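Over in Swiss-Prot, the protein carries these features:
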- 627-634, 1260-1267: ATP binding site (BINDING)
- 281-549: domain 'ABC transmembrane type-1 1' (DOMAIN)
- 594-823: domain 'ABC transporter 1' (DOMAIN)
- 887-1166: domain 'ABC transmembrane type-1 2' (DOMAIN)
- 1224-1477: domain 'ABC transporter 2' (DOMAIN)
- Asn367: N-linked glycosylation site (CARBOHYD)
- Asn671: N-linked glycosylation site (CARBOHYD)
- Asn813: N-linked glycosylation site (CARBOHYD)
- Asn1207: N-linked glycosylation site (CARBOHYD)
- Asn1232: N-linked glycosylation site (CARBOHYD)
- Asn1330: N-linked glycosylation site (CARBOHYD)
- Asn1364: N-linked glycosylation site (CARBOHYD)
- 27-47: transmembrane segment (TRANSMEM)
- 86-106: transmembrane segment (TRANSMEM)
- 130-150: transmembrane segment (TRANSMEM)
- 159-179: transmembrane segment (TRANSMEM)
- 308-328: transmembrane segment (TRANSMEM)
- 389-409: transmembrane segment (TRANSMEM)
- 410-430: transmembrane segment (TRANSMEM)
- 491-511: transmembrane segment (TRANSMEM)
- 887-907: transmembrane segment (TRANSMEM)
- 928-948: transmembrane segment (TRANSMEM)
- 1111-1131: transmembrane segment (TRANSMEM)
- 1144-1164: transmembrane segment (TRANSMEM)
Amino acid sequence: MLFSACADTNDQSLGPNVLGCRGDFDFTVKFEQLCFSLTPAAIFILASPWRVAHLVRKPTIVGAPLLRLAKLGVLVSYASLELSQLILITVLPFGASGIDIISSALRLAAALCMVGLSYFDHSKSPRPSIFLSAYLFFTLLFDIAQARTYWLASSTRPEIAFTAIFTAALAMKIAMLLLEAQRKTKWVAWDSKDHSPEETSGIYTLGVFSWLNKLFFDGYHKTLGIRDLYPLDQNLAATHLSERFSRHINEAKRKGHEIGLMEALAKTLYVPMILPIPAKLAAIGSFFCQPLFISSLTSRLSQSEPVPANIGYGFIGASICIYSVIAISQSLYWYFQQRLLYMMRACLATAIYTKTTEARAADEDENASLTLMSIDIERIMKGSLYMHELWGNVIEVALSAWLLYNLLGVAFIAPIVVVCICVGGVSFFMRFMGDSQRNWMAGIQKRVGLTSSVIGNMKNIKISGLTSPISRFVEKLRVDELQAGSNFRLLMLTCSVFAYIPLLLSPPITFGVARRSLDATKLFTSLSYLLLMSTPLQNLLETLPQMAAAVACLGRIQKFLQGEGRDDYRIFLAGSRRDPEKPSLDQLDKSPAVAIKDGSFGWKPDKMVLNNLDVEIPRGSLTIVVGPIASGKSSLCKALLGEMPHSQGTVTIATKFSCVGYCDQTPFLSNGSIRDNIIGYSPFDAQRYAEVVDGTMLGIDFETLPEADRTNIGSNGITLSGGQKQRVSLARCLYLQSDLLIMDDVFSGLDADTEDQVFQRVFGANGILKRRQATVVLCTHSVRHIPSATHVIALSTDGTVVEQGTFGDLVANQSYIHSLGVKAPSTSQADSEKIESDDSAIEPQINLIERAPTETPEVGVNDKSRLSGDSAAYIVYMKSMGTMLPIAIFTSGLLYGFFYNFPTIWLTYWSADAVATNPSHSFGYYAAIYAVLEVCAMLSLIWLGVLLYITVLTRSGVSLHHAALRTLIHAPLRFFTTTDQGIITNLFSQDLSLIDNELPSALLNVIYMVFVGIGQAAVIASSSPYLAISYPFLFGMLYVVQKFYLRTSRQLRLLDLEAKSPLYTHFLDTSKGIVTLRAFGFVSEDRAKNAFLLDTSQRPAYLLAMIQQWLHFVLNVVVAIIAVMLTSLAVRLRSNSGFTGASLVTLMSFGEMLSGVVIYYTALETSLGAISRLKAFDKAAKTETKDGEDIVPPEEWPPRGEIILNNVSASYEYELPLFLSIRLTTNELSSNDTQPETPTLALKNLRLRIRPGEKIAICGRTGSGKSSLISLLLKLLDPIDETLDCVNIDNTPLSRIDRVTLRQRIIAIPQDIVFLPDGSTFQENLDPSNVSTAADAQAVLEAVDLWDFVRDKGGLEAGMTVSNLSQGQRQLFSLGRAVLRRRIRARSLGLGGGGSEGGILLLDEVSSSVDRETEKAMQEVIRVEFREYTVVAVSHRLDIIMDYDRVVVMEKGEIVEEGNPARLVEEPGTRFGELWSVGGN
């Protein structure tokens, strides 16, 4: 035995309390040796080699030799003292036991390990050693307790000597702790990147979150922007994590494991997953000290004699230690856990994006990755937050059950039975949660996908008059989504009820079963054990559904990641791909640039689109591919790019460069400047840039654009005309350093003059591509350029090659090419074109306008409402609920607060009556009322949950979405040209997700915790009225903390939401343009951009999580202060043991309630930020409807179709410029309210009278104002105020007509066709308004020659996939939609199916992507179906214009000529005549 003073006591037992010695207020020596010395030292010794091995591989980045020398000196001294203790134990007559010697030896070994660990950690790590500091901190507390024991137990000289050396070692450990805590920031050899102060923070700085102080001060005093935030810790960076994660996920994919994604995460993040465990164990230990402390204190207070001073100070010291350790261990646990979550987010988001770049081009849902990256990852993070609670709660339940058994005997089985029933109930309902969540996520995915499509195509939707049916479709998806979500939330609510049963019903059931004398000590100790059992069970049962949801979302992501990716089947000859620096020139020169042998390609394995192709494309040639619509021209382009999912035969590519220039039929443009879109990720070359701008004739357009080539083109290039989009896409293709270019119908939106000039400058004999000796594959409907081709390929409708060869040979074959009637240009014409080409080659005709780009301020930075919040958001949310629901919610919260807290007071009366000589009431009386109170608490909680999670959520969700969608639909076109698509998409995804999920949860928890907290404060004060005196000061401090915290928290939450918008936009852009990105070889750069955007979005989100943990820590410190005050008052004033027990038991959860009130109030405030953003959206996107638009014409309007424009002018700039920035947050959303002094006019002084039934064609070069004229007639573009009433239709001022009604009455077909989401039926797409019969739809499809196609796909009710339709078929489908509208209108007006008295048809390049035969068929349909309509058609096909009554030629927004097209062609010097001749007619 080490000490002999207490030889006759239980000092050599495990105790843990010593009896008969040291005032019975100490641990036994054996317990201290085992738990305070031996166990920590053994753990440290086992873990140290692993840490040292990890550090040895890292580079040396810290100097500071003096600090390192000081550390080593102290450690050597400490090791010497430990050695001295071991010698004393073994040499002197202590009578030491084996555990004493082992404990001392392990302490010495641990000291030696500390020397090596400190040396390497000092040099290799930028932060103080977390592992060593944690060991020093906790063992220091243990050593202080042991030192006290040793001094009290020492009675002989050897014992005193041993204790003195132990105390000296303790002093050395304190010195070492202080030295090891020193930050090494000024000695770290950083790289060039900025670093966060977190990266140099030690465990103490991390534990109290002092590294966040600067952020809090900044957030309190100013409005934060992204630039004000700390840089992201490099260990959380996407590039740092993704490389390791991709290796593990690829390995899991090869093995085909069902939980491969979870395995990959575990292998990648195993160290971050382990780090929370020690802190969690420390927290569990400190939790279980609370009931022991309550038992000891109430036992002392129930005795008649006063509490001795030293024991009273011991109780106070114990309360300080217990609650301080709880605060620090909890903060460290959640710190490491939050870091883990954001590492998981980085891994998953990067993997999803990478898979998006590898996905097949034919994948139907391009928005799937966006939903997975946003909604699914958020739910995974929410569920994974509690992963360590799973095993931690099991330990807590087991320990509390064992302690309860020691106190109450077999009665401990009662709560276990309750727990088993609840676990069974939760397990039963969890079986349905996976499918329920998948249905809900699928509903969100459908709605967000459609909304994103609507945002990107709003102009065409408005032109088509489809705003109302599409709004109804989106709202139906929203209702379906909320219904699916309600089913899931109902399951969650049911599981939550089961989770609260142990907390509320276990105590009355347990006490009822015990039926023994229960004094205050037993009653409140038992209650504390039950609380320790039921609280983790409640957490466990509540979090199990969230964990199940996280697993389901991981399954969805794994399915996506394991989906079949693109398989590039092409064969690249040496030099073209593998070694671009050293091409095999001889081999390349002898082989064709592209060769297809026995090639068959298809989008589905059972149906090939292209069949039996044998094609060779000569090097340096211009190969033109022609054929009727749906012959496979676009599919051939995809086949050459390796993008067809199913292929047979071989495709061989032999080029010098690894990248391929590609122009898609639908131009892919990102939201940025024209220059950025042209250059992409290529290095800037001014000469090359000027060359391609001149070749595509964009210089002329730059002169009319407000910022020239730095003009922002908006999402999908919405600010550009169709021809401008095509030419920007062509310029990007030409700018790329490539010798193989594949172009799909790049002339579809160009007028004849521009088309001819672009062709000569780019493809002509001395054009850009000829000079570069590039190989060009050009698929086109513009057959007049075929004579210029080196090689021609003609495809048939069955996907085979009809003929191929030179133009002359094919004309002589008397086959398809001959049937087109195209003639080779005359010698004089060819010479003229050559001279033109030569001139342009010598002197590029371009004058690049170097204008300084407009500085767009970081909007919102000076928005003071970001500091104080938006109180109006509460009103909006309450209004969305209705009148009675808020009252019902408040009432249910009040009832729950009472019924939750009063049972604790009831136990005080029960315990007092139980020990009374003459009890006032029986056991059953108290037990029954106690049970009724708890059942009432349960019922009020259920009521509150149903109100908020089901009723309120559904009602407000529908209402707020309807308001936001209405704002979106009625927003002016200018709004969509100045606002990034990702920002608006974020409103309908992230913000509505907040309103659906976080907002109801935050509101419920605030109501729940406020009323419970008020009751708990009253219960705590019941032990001593003096404690209540401190409440004003405590609550004042809480108010200051909340105010201080909330300013920063609210801003970080808003920044979190805002920083995700660019990430979402980038995901959408990548999904839409992946074929182009892969062809250009830009995928790696695009992934780097995604990593940057992801890291940027992580910064506010991660810091928000950290400051929430700071708040937890501060409030736990407040609880510690209350505990110390309560203990001090109890032992000094001899408080009632029952009320003291009730106060201490309540205090066990009071900290959580305090934290919860502030945390969830902040969550409520920041979640209401979503509503503020919707309010700001409503304000910024002011409705396009203006005062005075009060005329709703009758159904038959316009009966005649007469249009009069009387000197009208219009400007896009004249509308209020709404520069909606990424900070779409508050009512003070910045917008530029100043009108430009001289707005650029899109239309100038137009004078035009279109007679009823007249057929008018509009032509002119691209950007001349043709589409703007269509927009003017549909009120997408408003006249300037001076000419507001200068447009009339059938004698009705256009300015007075309701816009929605106007677009429904006028039938219009846009250039870009709008379809419902994939999976919608052909019938729904043809008739979104659902007013026709199947027979009507079939008749229309037969009229436009699409019925056979639809029938082959399964008929009208079959699901439709837009990618299965060629561009020409899409335009035919759109024409069919217009024909159906005309027929339904005629029938509703009683005019029969053959025609109507009048109407207006507007056509915007409806035949730009079809061949001549199809175009003639379309014009015949228009002539027959709309013979009595007034037709205004924008067209570049001049031969079709000849059939119109009149042609209007436009230039720079003005009408420069009008007249009969045939007469204008004959007259010399006319503009139309020039266009006619240029067009090769």
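Yeah, the Cβs are placed from backbone N, Cα and C, and that goes for glycine too.
Keep in mind the model is a prediction, meaning the values are calculated, not measured.
Closest to Asn813 (N-linked glycosylation site) by Cα-Cα distance, out of the binding-site residues Gly627, Ile629, Lys633, Gly1260, is Gly627.
Between the CA atoms of Asn1364 (N-linked glycosylation site) and Gly627 (ATP binding site) there is a gap of 17 Å, rounded to the nearest whole number. Spacing of Gly1260 (ATP binding site) relative to Asn1330 (N-linked glycosylation site) is 37 Å (Cα to Cα, whole number).
Taking the Cβ of Lys1266 (ATP binding site) as reference, residues of its chain lying under 8 Å away and at least six apart in sequence are, in sequence order, Ser721, Ile1258, Cys1259, Gly1260, Asp1404, Val1434, Met1450. Of the Cβ pairs linking the transmembrane segment (491-511) with the transmembrane segment (928-948) and spaced 6 or more residues apart, 3 or more are under 8 Å, so the two regions touch. Per-residue confidence over the domain 'ABC transporter 1' (594-823) averages out at a pLDDT of 87. The stretches the transmembrane segment (130-150) and the transmembrane segment (86-106) do not meet in space: the count of Cβ pairs below 8 angstroms, excluding pairs fewer than 6 apart in sequence, stays at fewer than three. Here the transmembrane segment (86-106) has long-range neighbours at 1-2, 4, 12, 30, 33-34, 37-38, 41-42, 45, 158-159, 161-162, 165, meaning same-chain residues at least 6 beyond its ends whose C-beta is under 8 angstroms from one of its own.
Ranked by number of Cβ pairs under 8 Å to the transmembrane segment (1111-1131), the listed stretches 159-179, 308-328, 410-430, 887-907 are led by 308-328. Within 10 Å of the C-beta of Asn1330 (N-linked glycosylation site) we count 10 further C-beta atoms, all protein chains included.
Between the listed binding-site residues, namely Gly627, Gly1260, the fewest other CB atoms within 10 angstroms of a CB are found at Gly627.
A Cβ distance under 8 Å defines the sequence-distant neighbours of the transmembrane segment (308-328), meaning residues of its chain 6+ beyond its ends; these are 23, 25, 141, 207-208, 282-283, 285-287, 289-290, 293, 296-297, 300, 1113, 1116-1117, 1119-1120, 1123-1124, 1126-1128, 1130-1132, 1151. Figure note: comparing Cβ neighbours within 10 Å for the recorded positions Asn671, Thr1262, Asn1364, the maximum is reached by Thr1262.
Within the same chain, residues at least six positions away from Asn1207 (N-linked glycosylation site) with a Cβ under 8 Å of its Cβ are Asn1245, Leu1246, Arg1247, Thr1283, Cys1286. With the fewest other C-beta atoms within 10 Å around its C-beta, Asn813 stands out among the recorded positions Ser631, Asn813, Ser1264. Residue with the densest Cβ environment among the binding-site residues Ile629, Lys633: Lys633, by other Cβ atoms within 10 Å. Within its own chain, the transmembrane segment (159-179) has Cβ neighbours under 8 Å at 2-5, 67, 70-71, 74-75, 77-78, 81-82, 84-85, 88-89, 92, 94, 114, 133, 136-137, 139-140, 143-144, 146-147, 150-151, 153, counting only residues six or more beyond its boundaries.
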